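The ATP binding site annotation in Swiss-Prot covers SER35, LYS37, SER38, ILE39, GLN61, LYS193. Annotation source Swiss-Prot lists Mg(2+) binding site at SER38.
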Amino acid sequence: MKYAKIELERDDVHKRFGGGIPLCSIIHIEGEESSGKSILSQRLSYCFLQNSYSLSYISTQSTTTEFVKQMTSLKYMINKKLLNGNLLYIPVYPLISDNTQKDDFIKKSMTTRAFYEKDIIIFDCLSTLISNDASEVQVGDLMSFLKRIASMNKIIVYTINPKELSDQVVTMLRTAATMVIKTETFSFGGNLKNSAKIVKYNMAAGPFQKVMVFRVDPGLGIAVEISSVA
């Protein structure tokens, strides 16, 4: 089994995730709004790029300019990766208010070859994109397709807000994934913290921490709390 490196010198995220991410993985990151899904996706995308993997990032959250500014604020510098083509950023931000265009996103996502030419493919936020046509049959087709893509030594990452999908569809997405992470926020000592709980991790490279408590610091990105509270 081969593993993609996710190590950055300034944080310990890679240690919490077992030292690396197995190739052929499908990573499901689930949580409500502002629970930390996107920052985890951004942290993973940056470390993949820093370790010489190419990456497609399909986003409902930000325009290209907004994404670059957000990453820069966290010192996740991606400008050169965009310019040299290692990072393909695809903003679908305008589509989230256009239901007509959203209706066939599942079909479009399986026929847009450019998405899958990179080593890593990230959808943030997948539930927003498929909420209008997320029947069990269509989602089953999508996950079968993503499994075929991942089997070619690629890694698929997607985030979802479970409130945007039916319970049956959320269960299908969790079941199809090789790694499931649930994010949430909580108050501790008067401060708001984020947590990422690994509830499923197939083919882990090594021991991993089931609950990672972290905060987001400007100029640093994710800062793992040493004294984690589960």
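Each position is counted from 1, following the chain as shown.
Glycine residues also receive a Cβ, built from the backbone N, Cα and C atoms like all the rest.
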If you skip the near sequence neighbours and keep only those at least six away, which residues in the chain come within under 8 angstroms of SER38 (ATP binding site), Cβ to Cβ? GLN61, ASP124, CYS125, THR159
What is the maximum Cα to Cα distance, in Å and rounded to a whole number, among the residues SER35, LYS37, SER38, ILE39, GLN61, LYS193 annotated as binding ATP? 22
Binding-site residues (LYS37, LYS193), the one with most neighbouring Cβ atoms at 10 Å: LYS37
Using a 10 Å radius around its CB, how many other CB atoms surround ILE39 (ATP binding site)? 21
Chain-internal residues near SER35 (ATP binding site), provided their CB is under 8 angstroms and they sit 6+ positions away: THR183, GLU184, THR185, ASN194
Helix, strand or coil for ILE39 (ATP binding site)? Use DSSP. helix
